[in-house]
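Comments concern the structure below.
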Amino acid sequence: MNLDPHTLWAILAMGVATYATRLAGLIVPPGFATRGRLKAAFEAVPAAVLTALIAPTVLATGPAESLAAAITIVAALRLPLLAVIVIGVVAAALLRATIG
Amino acid sequence: MPSPPPRSSPPARAEFRDGVVTVLPAVAAALPFGFLLGALAASKGLSPLEMGLMSGLVFAGGSQFVALDLWTSPAAWMSLGLAALIVNVRHVLMGTSIVRKMERFRGVAKPIALFFLADEIWAFAERRAAERSLTPAFYAGTTVPMVAGWLVSTVAGTLAGAVLGDPKIYGFDFAFIAIFIGLLAGFRHKTGFLPAILASAAVATLVHLVWPGPASIAAGAAAGIAAAALAARPDADAPTADDLDPGAMP
């Protein structure tokens, strides 16, 4: 049950950052970012961040990762998240073992 | 529009029970993700205590997965805090919307409630407010089981992960990619989704090839956000609870 000080600081930083975004609702005016480009920018943040996180692995690591990702994307369009994870992990393991 | 508060307040115990009943399916759905998050945390060297602290103090599943994907040893607090800020910035809009429906919340009840404003908690609160007035007891009823389930499942996953060992052997490291693809699919009906992911993927990959490291994430994210803003029509309206795919994690 160790508690590393660097880890503790990182968790506190994450907690403060997250709470700040939730608490901001108390001071942000009601009409803020409810329409137009600013709303689109806010709404696109999670998709843009998640894509940037996976793109290098998916597109520039190797054929096994790219193919496993393609299979995972097809699964994600029709199956629940848990099934998507299982399919992705199994596809990655099998493809790495066969085509490298 | 929330209905005006009735003169006699509904009994708090019934409201709390309503909240619990409403949230239980979401709690059950979140358990496997909490377990997986814990197992991945163990592979990054986090102890069960550290995992529990993170789940309790951050309580935002998507950003916890992102943080562990970026995790280094020793942990870099500034990049991890910044990553949490960026991933969770959508909560600003969710908080702005739900605060208008908290007219029954007094004193510190609002800031306390907002601390737990995870995606599901917000979605359930918005739906409740659309039908009748939102009470602190209902909100607590949805929050307590969700927090408890998230703490138990993530800590249990960390304990199990320590036994399982190196996740690369099982292709388990690809779980991060699969989770992020699955979460992405939930956003695919949002305005600007396609321009955002195309611009983000192109810029992140190019930056990664020239300069491997975390810069590709910031550059790709910025490009995706800019592309969505540029592609947006000016008549889009406010977010509602229906905008959110009911996810499976806090």
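Placement of Cβ uses the backbone N, Cα and C atoms for every residue, glycine included.
Since we're looking at a predicted model, the values are computed, not measured.
According to TrEMBL, the features are:
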- B:20-42: transmembrane segment (TRANSMEM)
- B:49-68: transmembrane segment (TRANSMEM)
- B:74-93: transmembrane segment (TRANSMEM)
- B:137-162: transmembrane segment (TRANSMEM)
- B:169-187: transmembrane segment (TRANSMEM)
- B:193-211: transmembrane segment (TRANSMEM)
At a C-beta cut-off of under 8 Å, are there same-chain residues at least 6 beyond the transmembrane segment (B:137-162) that contact it? List them, or none.
12-13, 15-24, 26-28, 30-43, 46-48, 51-52, 54-56, 59, 61, 64, 105, 113, 116, 118, 120-121, 124-125, 128, 249-250
Taking residues 6+ outside the transmembrane segment (B:20-42), which of them lie with a CB under 8 Å of any CB in it?
48, 50-51, 54-55, 61, 64-65, 68, 120-121, 124, 128, 138, 141-146, 148-150, 152-162, 164, 167, 172, 175-176, 179, 246, 248-250
Chain residues in Cβ proximity to the transmembrane segment (B:193-211) (below 8 Å; excluding those fewer than six residues from its ends, i.e. six or more beyond):
184, 187, 217, 219-228, 230-231
